[in-house]
């Protein structure tokens, strides 16, 4: 009984925290939905039935798309608590062969967390449709492009959300001057603070206030939000209850019969009376479901929070605004602030500004998270990912993305000025992302949940048809601000796909030009390699074989370190790998020898690996224990974490301190090779290892120059020689990402002709 009570308390606490992270902009949307919906010719239909029809559309849109589609279906497809567009793609990659990720192996499935508890039916025979996609490279490429397009929409939403949220909250200053200036000039004059707000509003400097708030928001990102994060949930809860109370007040004061608009019959009357103008208004109606498309939380706590608090509060607010506007249609441009009772106007305005900042912070965090996932899966240029020990688990900061978002957000805010145009661009991005999710969910239903194809078709027909109507309407807003969404999404999609394409072609080149380990070991004595005291750590993307950088080095300079260790860092599409399964160490030698042949290690998908000056010393300790443990078995693999040796336990404890505590999915392969090309006794080998460690530890990283082949098409030359090369030159180098000491770094130059 006590355990059950503790679980319930934990769920309630997580649901409480989700208010500040998951429902920020969704709760802010009442600020601008009605004024965007009645933009254009619909303003000429000043009737009660038209307003009731607009509310009925809002109510059923939230119910069908936010409540049923996302809370019932999409959030069930979370990846062990992680949500978002890449979580859906990771699920598909694990249960099918749709993945185009690099360096994937069948051995990855042996990880205990690779499959979830609900994956018992994964051994069922594949359908013809599944085999068709798995054996068609174009289908897999199209699926990846669809995911990257959705990812680009998330980044675009990260640009537009702060602009539309903060600007809409400050629009209340304009509303206050329009409503109260003529009657309360003396009060404004004698109250200095309100007088300043009055001057700002009248002089058209609301945009300046918004820009100042946005700059402060982005500048403070590097300090983290751990000191003020505990305020996010109370602010959003207080905001939701405030707008619900205002909604109830307006219902009873202005038009209690507004409850009739809950009937979908008013939707029919709305389109019957308004015709084409009613269809065009859907570009504003869809703003009521904005942030549910970027949710990144576990489905259980989000369902509880949304159904019990967010959904009823939003319905009451939209219903109250409809009741107010049915009697005060002229107040439409500032409908939300105009409907607030005068004594509560300034408290609600301050609360709206705080809620807008929280909503913007949540979307910025979601943008950092999606970029981190995209980078970990090889679809985004190398960026710096910061996680400080005092921050909460999972909170990160990406400087390059932060400043890029700030510049783009300020450009949008200053360039458009009109909140409705920013909102139209924002709505187009949100609905496009929702449409991408609708096309991915049928694959999840059929291939991951193993439901019949009929259920996938029904899901697509039901929600795809509704969203297609909204998408078509939102595309009509392209001349009114939607073009910025198209421009940004195309730019981000092009960047991510070019980086993935270039990395994949480079990996395939390495795979094609690698040298089998047995060839090196067999022909070793005839190569005339000079042995130099020390340990050489070679970073490579190949899980097997000798990389071309190593053979290129030996060809030009036939000398190398006494002990060579190949370190392979690879990504696995799972949310988390247990600590004891992250690192495996084995030994590579000829087939006939009695030592280990392979070494592999695991880490999480999103981790950032940092190498310290003591890494070589610690690694040499692990190799020593691996040799001792491996000398007793001819076909054993020594696992660092599973070994009972005190040396390995100490090594594991020390080495884990070098890794940021993030839920990342990365695997490492340590493949040591003795360049003496002989099989010494254990004592002699350990002596050589200690001697090499005391001499020098060097880190060898490939430094390639990439060019397209001369006979390549013009498009390929443009992608490789211009776009991909530009991204490689302007992103962080692998040595910087690994935090390798410069004094110990050796870069091996090599030309890649892709």
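Just so it is clear, glycine is given a Cβ too, placed from its N, Cα and C backbone atoms.
Unlike curated records, TrEMBL annotations are generated automatically.
Not measured: the values here are computed from a predicted model.
Per TrEMBL, compositional bias 'Low complexity' is recorded for 631-645.
Taken from TrEMBL, the feature domain 'K+ potassium transporter integral membrane' covers 14-521.
The domain 'K+ potassium transporter C-terminal' annotation in TrEMBL covers 533-589 (among others).
Feature annotation from TrEMBL assigns domain 'K+ potassium transporter C-terminal' to 685-753 (among others).
If you look up TrEMBL, you'll see 626-645 marked as region 'Disordered'.
The transmembrane segment annotation in TrEMBL covers 12-32 (among others).
The transmembrane segment feature in TrEMBL is assigned to 52-72 (among others).
Beyond its flanks by at least six residues, the transmembrane segment (141-164) meets 25, 32, 84-86, 88-89, 92, 98, 100, 133, 210, 214, 217, 290-291, 293-294, 359-360, 363-364, 366-367, 370-371, 374, 379, 405, 408-409, 412-413, 416, 419, 422-423, 425-426, 429-430, 432-433, 436-437, 439-440, 443, 484-485, 488-493, 496-497, 500 of its own chain at Cβ-Cβ distances under 8 Å. Taken from TrEMBL, the feature transmembrane segment applies to 141-164 (among others).
Residues annotated as transmembrane segment in TrEMBL: 194-219 (among others).
Within its own chain, the transmembrane segment (231-252) is flanked in space by residues 16-21, 23-24, 27, 30, 225, 258-259, 309-310, 312-314, 316-321, 323-324, 339-341, 344, 348, 351-352, 354-355, 358, 361-362, which lie at least six positions past its ends and keep a Cβ under 8 Å from the stretch. As annotated by TrEMBL, transmembrane segment applies to 231-252 (among others).
Feature annotation from TrEMBL assigns transmembrane segment to 278-297 (among others).
Long-range Cβ contacts of the transmembrane segment (304-324) within its own chain (Cβ-Cβ under 8 Å, at least 6 residues beyond either end) map to 11-12, 15-16, 18-19, 22-23, 26-27, 29-30, 33-34, 51-52, 54-55, 58-59, 62, 66-67, 71, 237, 240-241, 243-244, 246-251, 253-256, 258-259, 261, 288, 331, 335-336, 338-339. Annotation comment: TrEMBL describes 304-324 (among others) as transmembrane segment.
Among residues of the same chain six or more beyond the transmembrane segment (344-371), those with a C-beta under 8 A of the stretch's C-beta atoms are 20-22, 24-25, 27-28, 31, 84-86, 151, 154-155, 157-158, 161-162, 165-166, 168-170, 172-173, 176, 213-214, 217-218, 221, 225, 232, 235-236, 238-239, 242-243, 246, 291, 294, 296, 337, 380, 383, 394-398, 401-402, 405. The transmembrane segment annotation in TrEMBL covers 344-371 (among others).
For 392-416 (among others), the entry in TrEMBL reads transmembrane segment.
Summarising the annotation, TrEMBL assigns transmembrane segment to 422-441 (among others).
According to TrEMBL, the transmembrane segment annotation covers 453-475 (among others). Only residues 6 or more beyond the boundaries of the transmembrane segment (453-475), in the same chain, are considered here, and those with a CB under 8 A from a CB of the stretch are 61, 64-65, 69, 73, 127, 129, 279-283, 285-286, 424, 427-428, 431-432, 434-435, 438-439, 441-443, 445-446, 482.
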Per-state residue totals over the domain 'K+ potassium transporter C-terminal' (533-589) - DSSP helix, strand, coil: 12 helix, 25 strand, 20 coil
Contacting positions for the transmembrane segment (422-441) when only residues 6+ beyond its ends and CB under 8 Å are counted: 32, 36, 39, 65, 69, 73-74, 77, 85, 88-89, 92, 146-147, 149-150, 153-154, 156-157, 160-161, 163-164, 167-168, 283-284, 286-287, 289-291, 293-294, 412-413, 416, 456, 459-460, 463-464, 467-468, 470-471, 474-475, 477-478, 480-486, 489
PLDDT averaged over every residue in the domain 'K+ potassium transporter C-terminal' (685-753): 84
Beyond the flanks of the transmembrane segment (481-499) by 6 or more, those residues with Cβ under 8 Å of it: 144-145, 148-149, 151-153, 155-156, 159-160, 374, 378-381, 408, 412, 416, 418, 420-426, 428-429, 432, 474-475, 719, 723-724, 727
Per-state residue totals over the domain 'K+ potassium transporter C-terminal' (685-753) - DSSP helix, strand, coil: 35 helix, 20 strand, 14 coil
